[in-house]
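Asks: The structure follows.
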Ligand SMILES: Cc1ncc(C[n+]2csc(CCOP(=O)(O)OP(=O)(O)O)c2C)c(N)n1
Ligand code: SF4
Ligand SMILES: [Mg+2]
């Protein structure tokens, strides 16, 4: 196995293979929804037959950004709002990696909103998990782009005057080809959705509702939740029907009803990489391999990293 052919080989892995030797225990607060994302991700990977050396996890900054420290794989803890550009570069350089980006609502829908919009538009083949706790958690509870109107915080003591971002609608309008919402209180659905998102060829966006009991005490625990597939009759391959369903879910979230599930899927649209390779704009051989295949020092380091996981 080389650094460029790790993926698609047969693997038997266990969720414990994704627990790192260094910092195996997350330092999130008791009751934090972020634990559920880690659990779902660790559960989905063996289900898909993936092993740590096949995965690149890129995170932003926030409590959510710590995910890459607690998950064993290639990882990159980037800067606030910039997980997606790093994830895109990783996928372009080595399409043989399963690339996952993750970060908070402030990170992805606020400061990184521009990257979110264009990564979706270009349909880069990756999974993007947004930990949506409706506040800035790490910096102690300030109002975020998804905080509901009227939400009181240190930055908005009289209550937020602004309507929140509609993440699912924004994602659809931008061009994501797989869009789902799940919740920390719904672990089985969360694992299934993450597995589906990782398998999807194209930009897969998962809005993951993660309660923050420390700084967002007013927030709901995101229960009871309803799975839209069970309760609503809509065609998730139809943009208009998906858009209506998303609008309803986003409106109801702040009225106390949590609608989760799969909202949109487009299997037909080629991913950025597929499109570029089909027009000859991108080489068939991996860019990373092109630069490093003749470099003995790179090979030595790559082999060493891979040996660690054998
Ligand atoms: C460029 C930049 N601006 C601001 C900050 C300060 N900062 C760190 S985390 C954070 C907000 C995190 O909120 P969110 O993305 O929702 O993640 P959470 O902690 O809620 O998981 C901010 C504003 C920073 N690190 N870098
Ligand atoms: S501050 Fe909130 S989001 Fe951060 S670890 Fe604690 S509970 Fe989780
Ligand atoms: Mg947040």
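Every residue gets a Cβ built from N, Cα and C, even glycine.
Those TrEMBL annotations? Automatic predictions, nothing curated.
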Asks: Between the candidate ranges 59-85, 86-112, 113-139, 140-166, where does TrEMBL place the region 'Disordered' annotation?
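Replies: So the range that TrEMBL calls region 'Disordered' is 140-166.
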Asks: Please identify the range among 246-265, 266-285 that TrEMBL labels region 'Disordered'.
Replies: 266-285
